[in-house]
Amino acid sequence: MTQVRDVRAYLRSRTHGPASAIDRYVTVFGLAMLAAVAGRPISGVLAALDAPVDPVRMGAGLALLAVAFTGFLAAARAAGPVLMSPADAAWLLLSPLDRRKLLGRSALVIGLVALVAGLLLGVGLLGVLGAPDQLVWRVLAALVLGVSATVGGAALAVLGQSSPAWQIWLSGAMAALLVLAVVAVSGRLRTVPAVAAHAPLAAVTAAVAGAVAVSWLLARRAWASLDRIPARDLVASSARAGYAADATVGLDLSTFTWIAEDNHWRSRTLVSRRRPGVAAPLAPAWADWLRVIRRPGRLAVVAATAPLPAVLVQAGGSPTASAVAVLGGALAVAATAVSGARRDAGNPALARLLGLGLRPALAARAVLPAVLGGVWATAALLMLPVDGTWWLFGPLAAPALAAGALRMARRRPVDHSLPVLETGGGAIPVGPLLWAGTGVDLALLGCLPAFAALTTPDAAPGSYLLAQAVTGVAVLLGYLWRARTSRS
Amino acid sequence: MYDAIIDIRRLTVDLGGNPVLRGMDLRVSPGEIVAVVGQNGSGKSTLLRCVAGLHPGTSGEIRVFGEPRSDDARFWGRVGLLLDEPAWYPALTVREHLELMAAVHSSTRMTVDAALEEFALVERADAVPLNLSTGQRQRLSLAAALLRPSALLLLDEPERGLDAAFRARLADLLDAYAKEGGTVVMATHDPGLTARNRQVSPTGVAA
């Protein structure tokens, strides 16, 4: 029978030449740069390990780690996680080749990603719990624990791809992590992290050994399950991988939004609803409201993220970090409700068919992101440990958030023809930079008074509130006025 | 041993809550060519996907080669499947794609040169597929499907993008495949391909 490695060798011989000295130099230089960039924050964490850690900060930090780990598991499940390129799926998957060997490369990539994520989780764990004594051993234990957790989690996701029963285990693990996050931030089990931080080395070793054993068992089972992953799932995940690769190569990240949305609605059974009697410009905007109403799960997830800025503050985050979390989070929430504007900008055929003016249609489409972003920001501010009228920044920032989200949704794809700037800190591609900043710039401009007030929490908010009310509305009106001649 | 290459009993498939196939029965004998016909949305492609195991049926039974579908190397060694246009390796030429197919399978029905000749791709052998016309890419897909050894070919609209002359040529190529003992089940709207083969309709009503 033909061996997978022979076929891979054939493909390699046709698609890649041998790695040149320049290729190796670029790889080593890239890794060295990464180490230099990541080294400073990590050395900062390590230097502060012997300082006593506040138990309240410990709980909040653990909660953030639990949420991050849940995000890792959710991302692994959404990605596949075992996947192959569309060409491999078309030419090699539905063939007599050994499927486990065929998927071995994908499994290796998953392992490497889990290793890196695990090391980061371990560093995070050290930052939260500290290392009051036996520094080297505690650092080692935290890193091994982190890697065991992510490798075990990734293995669980792979097993879930081959069997619905394992999917239930994966969902259970994610739910348990979220419960742990809630309990940790509530402060009910404040003594547990404190005890864990000062646990004797014997107990730490036992915990690490247990984690490694469970992780190893899961990884072995996942490897054995590779040839049981149904071809239909691999074909579907390979198509997603293809779109994702296109989006990454073209640096057009908005493609991900289109893929996610198309996949979601394609698999749903809908029942047509009667449209409420609203005036013409509001009618297309109703579609955005309908999308939100039809995704109550996403709305619940969005609502559940509102306490995160408060948790960040509890974990020791600076006022600037909390301001970025509140306003950035609210902008992200507003951006979940602008699909209609994104569609119209990407493919204006339907908008032309409807025959509506751009400005009234955009104004109607601004209402939903303003409501969602404003409500989320208000909820997040109410949970922050500040008194008084600070929550008013939420509704007052809403128009600016809507303008930023609409501008973000209507931005053009990345302009790769723009130059790459050579700076002392490295090359900066202008096209992707401008793309990433489009929308955020407008939101920041419109939320500047709120941002200034939140980063100086000792100041009286009165004048800032007034300024925010004016700039928020002005930015939205200005954006709508400019939208006549400009796409973004 | 088995009497029917494909034996489908009471197959029902729902897609997004809508019934696409309802209690369908189908038996296909070795060496037979079956044209699945019907209106758009009648379930032709879904039927092929179900037979290949790429779509689970809601209820009913599908046996291929006398046993339930297995989705393993042995199954895919005997089944050639051509649904939508396949993804192409960006750096591989037309010839190299066919050579890849020959490398994956231990033996082939014809040489790569013969396949290029049969499917009128000799002049485009060194082109990358994305530089071919739609019809030429479809010819390349068909060449790959007919180059590899198989006992069952599942084709979804094999006539897509082909000119009238090559459609007639395709019918001859499929006849030759069936004479060698191969079985073909294809969803098609082409009158030439349907006229010379047994027609079945997923809805039970001939189009």
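Glycine residues also receive a Cβ, built from the backbone N, Cα and C atoms like all the rest.
The transmembrane segment annotation in TrEMBL covers A:21-38 (among others).
Here TrEMBL flags A:58-76 (among others) as transmembrane segment.
Among the features that TrEMBL reports, transmembrane segment is placed at A:107-129 (among others).
Taken from TrEMBL, the feature transmembrane segment applies to A:135-159 (among others).
Residues annotated as transmembrane segment in TrEMBL: A:166-185 (among others).
TrEMBL lists A:197-219 (among others) with the feature transmembrane segment.
The transmembrane segment feature in TrEMBL is assigned to A:299-317 (among others). Nonlocal intrachain contacts for the transmembrane segment (A:299-317), taken as residues 6+ away from its ends with a CB within less than 8 angstroms of a stretch CB, comprise 54, 56-57, 59-61, 63-64, 67, 128, 185, 292, 325-326, 329, 333, 336, 372, 376, 379-380, 383-385.
Tertiary proximity for the transmembrane segment (A:323-341) is limited to same-chain residues at least six positions away from its ends with a CB under 8 Å from its CB atoms, namely 257, 261, 284-285, 287-288, 291-292, 298, 302, 305-306, 308-309, 312, 317, 362, 365, 368-370, 372-374, 376-377, 380-381, 384, 394, 397, 401-402, 404-406, 408-410, 439-440, 443-444, 447, 450-451, 454-455. Positions annotated as transmembrane segment by TrEMBL: A:323-341 (among others).
Annotation source TrEMBL lists transmembrane segment at A:362-384 (among others).
Sequence-distant contacts of the transmembrane segment (A:390-409) (same chain, at least 6 residues past either end, Cβ-Cβ under 8 Å): 327, 330-331, 334-335, 337-339, 341-342, 345, 362, 365-367, 369-371, 373-382, 384, 438-447, 450, 453-454, 461, 464-465, 468-469, 471-473, 475-476, 478-480, 488. Sequence annotations record features per position, and here TrEMBL assigns transmembrane segment to A:390-409 (among others).
Residues annotated as transmembrane segment in TrEMBL: A:430-452 (among others).
For A:464-481 (among others), the entry in TrEMBL reads transmembrane segment.
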Seg_contact(the transmembrane segment (A:362-384), the transmembrane segment (A:464-481)) with at least 3 CB pairs under 8 angstroms, min sep 6: yes
The transmembrane segment (A:166-185) versus listed stretches A:58-76, A:107-129, A:135-159, A:430-452: most Cβ pairs under 8 Å: A:58-76
